[in-house]
Structures are given as structure tokens and as C-alpha cells.
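As recorded in TrEMBL, the features of this protein are as follows:
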ACT_SITE  K11  active site
ACT_SITE  D138  active site
BINDING   P96, V97, A98, G99, G100, M101, A102, G103, G104, S105, A106  ATP binding site
DOMAIN    68-146  domain 'GHMP kinase N-terminal'
DOMAIN    206-281  domain 'GHMP kinase C-terminal'
Amino acid sequence: MSSVTVRVPAKVNVQLSVGPLREDGYHDLVNVFHAVSIFDEVVAKESEGITVQVNGKWSDQVPTDDSNLAIRAARALAKHAGRSYGAELVIHKSIPVAGGMAGGSADAAGALVACNELWGLGLPMDDLMEIAGDLGSDVPFSLIGGTAVGTGRGEQLSELPTGGTFHWVFALANGGLSTASVYAECDRLRAASDADVPWPTLNDSLMEALGTGDAYALGTHLSNDLQPAALNLRPELAPTLESGRQHGALGAIVSGSGPTCAFLAIDATHARDLAHSLTTTGTAHTAVAAHGPVHGATLI
Ligand code: ATP
């Protein structure tokens with residue numbers, strides 16, 4: 001096989017509960033991931049070494065050296081297989097960079113699936129999941145997609161059944177936010193407030209809303225413990241969230257560590273209208289309608 005293409009979705013966290021800071025610097029999380037129809041494409045072609053090129057709107061913000069997560073994934077896969085394979089990776093980027101939608105993790109998952117195929121390794125999903133977990137806590141979810149709850153650092157995953165398709169609008173900001181800086185701000189705000197940080201637990205009402213496909217109920221139970229920190233770092237996101245609510249969003253939330261804002265719509269038509277309103281009123285730089293859940297990294 002000389003060229004393989006894989007499509008990988010972005011994610012939004014419909015619940016992100018962040019426990020107290022652990023001694024190892026991580027937090028225990030309850031993280032309900034939901035894969036949505038904004039996709040990066042990762043193409044892998046036969047080549048001597050492992051290289052990456054990035055195309056698309058956000059390409060200038062993505063490193064093409066060995067720190068690129070897709071390169072790291074391909075190298076980890078070759079190491080796992082015990083041989084020095086080569087691949088020229090080309091990423092067509094649509095997922096915002098440093099936007100809280102796991103774009104880098106998506107590319108890593110895409111590279112794992114693409115190189116597994118290109119190199120004819122035939123490794124089972126369990127092996128890819130193990131390699132993915134070592135690459136980053138969001139990478140295993142990008143492989144499976146759908147809706148899933150992650151515990152621990154987010155990497156211990158259980159798939160969740162959903163009772164239908166949910167329609168979303170994502171307001172993309174100019175410039176990203178680093179995940180580490182948002183967690184640091186969250187810790188700083190918590191230390192300053194002196195309030196007890198509860199152990200994170202899964203919201204049963206949210207699970208029920210997902211299971212029955214009830215968008216109205218899901219909208220009221222969306223939650224993100226990183227939101228106060230993201231809003232402190234980017235105060236201009238608060239009016240964006242408010243504008244979405246005023247235009248009838250069933251729920252409005254910062255996606256993961258931000259700065260992308262996610263709005264739950266009633267249906268596909270409402271999502272299109274909401275995206276249009278957010279951009280024409282100038283509240284959002286770009287707004288994109290999408291749906292979920294969708295499959296994880298998929299060969300096309
Ligand atoms: P998350 O939601 O998982 O916290 P994010 O969506 O906020 O992550 P990413 O788009 O994954 O953030 O990018 C985080 C950083 O990773 C970027 O600033 C970029 O420098 C680096 N990076 C490395 N490889 C990639 C890649 N293939 N695509 C995007 N960013 C990458």
C-alpha cells in the first residue's frame with residue numbers, strides 16, 4: 001500500500017470534573033468525551049524517514065519537527081513493532097489548534113491508524129489504545145470516538161451509549177490557550193478561594209440525557225470545571241457564551257481548556273441559524289455547526 005488516509009474527529013467535553021491537585025502534578029478527572037464532526041485528515045505515504053507536513057487553516061500554528069504529535073505517534077508505533085519504518089505524514093487541519101478540541105491528539109490517533117495500515121502491521125485496537133495512552137490522555141478517545149467517560153488522568157475509558165444525534169455549534173477564537181496554563185489558573189483560583197475541591201464524580205442526570213438523546217436535558221447538565229479559569233484568561237469568552245444562550249442554545253460551555261466555546265442546539269436547522277447569528281453579530285470570529293457522536297479515527 002503506497003498511501004493511506006484516516007479521518008479523525010475533534011471532541012468536546014460534556015462533563016469535565018477536575019479533582020484536587022495530586023502530588024504528581026496531575027488531577028483526577030471525570031471527563032465525558034463526545035466526538036463531533038469537525039475532522040482532521042492524516043495521510044501516510046511510503047517514505048524513508050518519518051516526516052510531517054501540515055496544510056489548512058491552522059497549519060502555521062502546528063510544529064513540523066519531532067514535537068508534532070503525529071510524528072511521535074508514528075515513532076511510538078514503529079518502536080512497538082520493533083522495526084524502523086518510514087512514513088511521510090500529511091495533515092489536513094480543520095480542528096482548531098490549542099482550542100480545547102484535542103486536535104493534536106486526533107492527529108496522533110490518525111497517525112497510529114494510518115501507519116498501522118501503511119506498514120501492514122495489523123495491530124489490534126487494544127495495542128493501539130495502549131500506545132495511545134502513553135502519548136497523551138486524550139489520544140485513546142480520539143481512536144474510539146463516540147461518547148466515553150475517562151477517569152484517572154482521563155485515559156481509562158469506558159464507552160457510553162447515546163440515544164441519538166446531538167447538534168452543536170463551535171465558536172472558534174483567534175489564538176489558542178495552552179492546556180497547562182488553564183490547569184495552572186484553575187489551581188491558582190482554587191488556592192485563592194480556599195474552598196474544598198470535591199472528588200470528581202460522574203453526573204447521573206447527564207448520563208441519562210445522553211442515553212435518551214434528550215438535548216434539552218443535556219443542555220442543562222453540561223459542566224466544565226476549567227471554565228472559570230479559561231474565562232479568567234480570556235474574559236471576552238463570557239459575552240460569546242451569553243450571546244449563544246440569547247440565541248436559544250440549550251447549553252453553552254467552554255470546550256475543554258478552551259478557548260473554543262460549544263453551544264448545544266435543538267436540531268440541525270437551529271445549529272445552522274445559531275452559527276450564522278454568532279458570526280453575523282460579530283460575537284464569534286468563526287462559528288461551525290457540527291454533530292455528534294461520530295466514530296473515532298477511521299480509514300477512508
Ligand atoms: P486538548 O483539548 O487535548 O487539551 P487542544 O485542542 O487545546 O488540546 P491541541 O490542538 O492538541 O490543543 O494543541 C496543543 C499544542 O500541541 C499546540 O500548541 C501545538 O504546538 C502542539 N502540537 C503538536 N502536534 C500537533 C498537531 N499535530 N496538531 C496540533 N497541535 C500540535
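Using N, Cα and C of the backbone, Cβ positions are placed for all residues, glycine too.
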Same chain, 6+ residues apart, C-beta under 8 Å of the C-beta of A102 (ATP binding site), given in sequence order: A10, K11, I95, D138, F141, S142, G256
Distance-selected recorded positions near ligand 1 (C-beta under 6 Å), from K11, P96, A106: none
Residues within 8 Å of the P96, V97, A98, G99, G100, M101, A102, G103, G104, S105, A106 Cβ centre (excluding the ATP site residues themselves): A10, I95, G176
Chain-internal residues near A106 (ATP binding site), provided their CB is under 8 angstroms and they sit 6+ positions away: V8, P9, A10, K11, D40, I95, S142, A297
Residue with minimal Cβ packing [other Cβ atoms within 10 Å] among the binding-site residues P96, G100, G104: P96
